[in-house]
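Okay, so here's the structure we're looking at.
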Amino acid sequence: MNPAHLLVLAAVCVSLLGAAIVPPQPLNLYQFNNMIQCANHGNRPTWHYAHYGCYCGKGGGGTAVDELDRCCQTHDNCYGEAEKLPKCSPYYKTYKYDCSEGKLTCKDAPGSCERSVCDCDRVAANCFAGAPYNNDNFFISFKENCQ
């Protein structure tokens, strides 16, 4: 076999090996992103919510700093309730929904994991759209502000 072909084959194998050990990315976050954009009509990029206050983004704790941060706290609590359902992993569970002129509608059966997660995301997206955004609360120090 040609050395160049062996090099390409080795690179592909290493890439596949690396892909096999990378944990799956939360599929639901893609849907949640789309819900946020639907509810706020694309007026604010979703990443603006990723490190906002004490609860928006990964983890959370302390006292929410404002209305928008309380939206995230409520969303975190909602996911916590959804996790109590059998085999329900809110960060990975996908669901069916519609977005029409800023109105979000969850389509899965009431009481199902999918519907519960969808409702968590729908309520949060609508809450985000209605809450004021304070730039001073973006990337605040968790240690100083959220204890």
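Glycine is treated like the rest: Cβ placed from N, Cα and C.
Feature annotation from Swiss-Prot assigns signal peptide to 1-19; the stated evidence is sequence analysis.
Annotation comment: Swiss-Prot describes Cys38-Cys99 (among others) as disulfide bond, evidence class similarity to another entry. For Cys99 (disulfide bond), the Cβ neighbour count at a 10 Å cut-off comes to 15, with all displayed protein chains included.
Every protein chain considered, the tally of other Cβ atoms within 10 Å of the Cβ of Cys54 (disulfide bond) stands at 23. Summarising the annotation, Swiss-Prot assigns disulfide bond to Cys54-Cys146 (among others) and lists similarity to another entry as the type of evidence.
When secondary structure is read from DSSP and collapsed to three states, Tyr55 (Ca(2+) binding site) falls in the coil class. For Tyr55 (Ca(2+) binding site), the Cβ neighbour count at a 10 Å cut-off comes to 23, with all displayed protein chains included. Residues annotated as Ca(2+) binding site in Swiss-Prot, with similarity to another entry given as evidence: Tyr55, Gly57, Gly59, Asp76.
Take the CB of Cys56 (disulfide bond) and look out to 10 A: across all protein chains shown you find 24 other CB atoms. Annotated disulfide bond per Swiss-Prot: Cys56-Cys72 (among others), in sequence order, evidence recorded as similarity to another entry.
A C-beta separation below 8 Å, combined with a sequence spacing of at least six in one chain, links Cys127 (disulfide bond) to Leu68, Cys71, Thr74, His75. If you look up Swiss-Prot, you'll see Cys71-Cys127 (among others) marked as disulfide bond.
As annotated by Swiss-Prot, active site applies to His75 (among others).
Neighbour density for Cys78 (disulfide bond): within 10 A of its CB lie 18 other CB atoms from the protein chains shown. Per Swiss-Prot, disulfide bond is recorded for Cys78-Cys120 (among others).
Secondary structure at Cys113 (disulfide bond), as computed by DSSP, is helix. For Cys113 (disulfide bond), the number of other Cβ atoms no farther than 10 Å from its own Cβ, over all displayed protein chains, is 20. Swiss-Prot lists Cys88-Cys113 (among others) with the feature disulfide bond.
According to DSSP, Cys106 (disulfide bond) is assigned to a strand segment. According to Swiss-Prot, the feature disulfide bond maps to Cys106-Cys118 (among others), an assignment based on similarity to another entry.
Non-local neighbourhood of Asp121 (active site): Asn28, Gln31, Phe32, Met35, His75, Tyr95, each in the same chain, at least six residues away, with C-beta under 8 Å from its C-beta. Secondary structure from DSSP puts Asp121 (active site) in a helix. Positions annotated as active site by Swiss-Prot, on the basis of similarity to another entry: Asp121 (among others).
Listed in sequence order, the recorded positions near Cys120 (disulfide bond) (C-alpha within 10 Å of its C-alpha) are Asp76, out of Gly57, Asp76, Cys99. Under the DSSP three-state reduction, His75 (active site) is assigned to helix. The disulfide-bonded residues examined here are Cys38, Cys88, Cys118; by Cβ neighbour count within 10 Å, the least packed of them is Cys88. According to its DSSP assignment, Cys146 (disulfide bond) is coil. Rounded to a whole number, the distance between the Cα atoms of Gly57 (Ca(2+) binding site) and Cys99 (disulfide bond) is 23 Å.
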